[in-house]
Amino acid sequence: MTFEELEHTADVLVRVRAASINELFADAARALFSVMYGPCRDAGIVQRLTVEAGDPESLLHDFLSELLFIADVENVVLCRFELDVGEGSLSAVMHGEPFDPAKHAGGTIIKGISYSGLRIVKDDETYGVDVLFDV
Amino acid sequence: MIEGVKRAGLFEWEVPIGFVPGMRVPGRFFLSEDLGQTLEAGAVQQLANVATMPGIVGNSLAMPDIHWGYGFPIGGVAAFDMTEGVISPGGVGFDINCGVRLIASPLTGDDLAGTKRELIEEIFKAVPTGVGARSARTLSNKDLTGMMTDGVGWCVEHGFGLPSDLVHCEEQGRMEHADPDAVSAKARQRGLPQAGTLGAGNHFLEIQIAEEILDAPAAAAMGITEGQICFMIHCGSRGLGHQVCTDHLQILEKATKKYGISLPDRQLACAPVESPEGRSYFGAMACAANYAWANRQMITHEVRNVVAKTFGIADEDLPLVYDVAHNVAKYERHTVDGRERELCVHRKGATRAFGPGASDIPPVYEEIGQPVIIPGSMGTSSYLLRGTATAMERSFGSTCHGAGRVLSRTQAKKDITGKALREQLAKEGILVRAHSDSVLAEEAPGAYKPSNEVVRVVDRVGLSTLVARLEPQGVIKG
């Protein structure tokens, strides 16, 4: 795991650190699915997605919001993300498994991705972001 | 108390203008010394941030269950002028019309003896719960439109409720101005398979006993007597509401720039109440609110079916006491400085508490004020209160909504395991049924402020007054 859960009384606050912007977005996505469904394995489900937004934070926000939608309507749990994050847009190929109540129903529903405190920072060679999930 | 916050009364605190730059009005919150020990600086900062928003009227307010959220604090109440003011999804939250309802019954504790476990098991089977829960019914897009525009009315028309349920519900279970065209196809896609599901997290369905009557005439008006069994349902608008918030947050993010509004937190994204963007959000939010009322109504229908089958009693003997919203924005009329004005009132983790004689109260409650239902955390007391004239004067007719967390979910899981908690509650006679032990640990009573202290403060301040204390007998968690 390349993300950690920080203390937050009401919601779930995760801190992600990664060596590249692609990995940062992928780890944030993994954090989201981990909170929602717990363990996940790549069992042949593939989803593709493109997102456009005006700034890097909005791009991350909209990408994660889109994942909540996909999880809800496609009944899938995703765990491996091949991402190409560019200036103002991203494309993703995502792998996972079908939602299985016996395995995944005990997680925490994320209702939305908050803009509060959402800021991507880069120091030396590391990208970082704290993301607040409303649960 | 947090530096810069001033005492303004026995249970009242002021956050003066200047606490954060750009405040237009002071912040004000209600809290006892005991509750003050767990107050987060982040929550006060959020209360002050709300005070910077254009057109805010009176004070930026918070109830005694105030805690750190995103955008508005949880427990936050703010009213905005219809012309100069704004509307913000950050003042409502992702779970639009998350709320709670109470159903009375003719049963007593003795009736439950020997049948409680079976009853909980049957309700757990009948009401889809947990992450990924899907409706047992197949609804059409037309049905979904009906739920979004007519709320409980649609349910009653389609056999999921009694005509009296309509009366005993905030807004009669249907907000006006619902605009299905403002709801995206994505939100519809999420809402269609989730109608009548409880969800997960802090949502629950409880079998409770009226342990103590604190205001006999008001309890009598609500049909509650000591020793009576009741059913409490706490849930919201599911994926549909979450998507409406997400969609309109994106629209209002752009609108904030378009209208030249400067904000200290992006999550406060907003637009003038009467702007096309503001109206569109309100229309979509009203759809989600109506869907949430319909959702709780469909769950009520399932509970009535199970209870009727188990005990051989009619639906009419299981009347709805009342249903209140915790996360919503409303156009309401309030008297400010002696003048009646229409305002856009945001309540985020706060309950409407209209007093005697106020508008939108069913005739049966006209003299006592509207019922206010405050759910406890799992295994602790819930309370029935009533709205007051003081709330109309002090808090735009608002009061607290629940216990409010004091421990993070990670900390709660470190403190107790779900299994140990389930066994501990069973010893106290409280049976718990859930999909996961993990959610039980996260929602442990120790993770929340004591609900009795929160309601004591609102009762002492007069924002609502105590009517009855309800104790859990059986709990279904998502």
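All residue numbers here begin at 1 and follow the chain in the order shown.
Note: Cβ is positioned from N, Cα and C throughout, glycine not excepted.
Here the Cβ of B:D95 (Mn(2+) 1 binding site) has 28 other Cβ atoms within 10 Å, regardless of which shown protein chain they belong to. In the three-state DSSP classification, B:D95 (Mn(2+) 1 binding site) falls within coil. Annotated Mn(2+) 1 binding site per TrEMBL: B:D95, B:H203, in sequence order.
For B:202-206, B:326-327, B:375-378, B:S382, B:401-404, B:K477, the entry in TrEMBL reads GMP binding site. Counted within 10 Å of its Cβ, the other Cβ atoms near B:H326 (Mn(2+) 2 binding site) come to 28, all protein chains included.
Per TrEMBL, Mn(2+) 2 binding site is recorded for B:H234, B:H326.
Summarising the annotation, TrEMBL assigns active site, GMP-histidine intermediate to B:H401. A coil conformation is recorded for B:H401 (GMP binding site) in the three-state DSSP classification, outside any helix or strand.
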Cα proximity to B:D95 (Mn(2+) 1 binding site), best match among binding-site residues B:N202, B:L205, B:H326, B:G404: B:H326
To the nearest Å, how far is the Cα of B:S377 (GMP binding site) from the Cα of B:H326 (Mn(2+) 2 binding site)? 15
Is any of the binding-site residues B:L205, B:H234, B:H326, B:N327 near chain A, in the sense of a CB under 8 A from one of its CBs, and if so which? none
Report, in whole Å, the straight Cα-to-Cα distance of B:H326 (Mn(2+) 2 binding site) from B:G404 (GMP binding site). 12
Integer Å value for the Cα distance linking B:H401 (GMP binding site) with B:H234 (Mn(2+) 2 binding site) is 11
Radius 10 Å, atoms counted are CB only; among the binding-site residues B:H203, B:H234, B:H401, which position scores highest? B:H401
Here the Cα-Cα span from B:H203 (Mn(2+) 1 binding site) to B:H326 (Mn(2+) 2 binding site), rounded to a whole number of angstrom, reaches 12
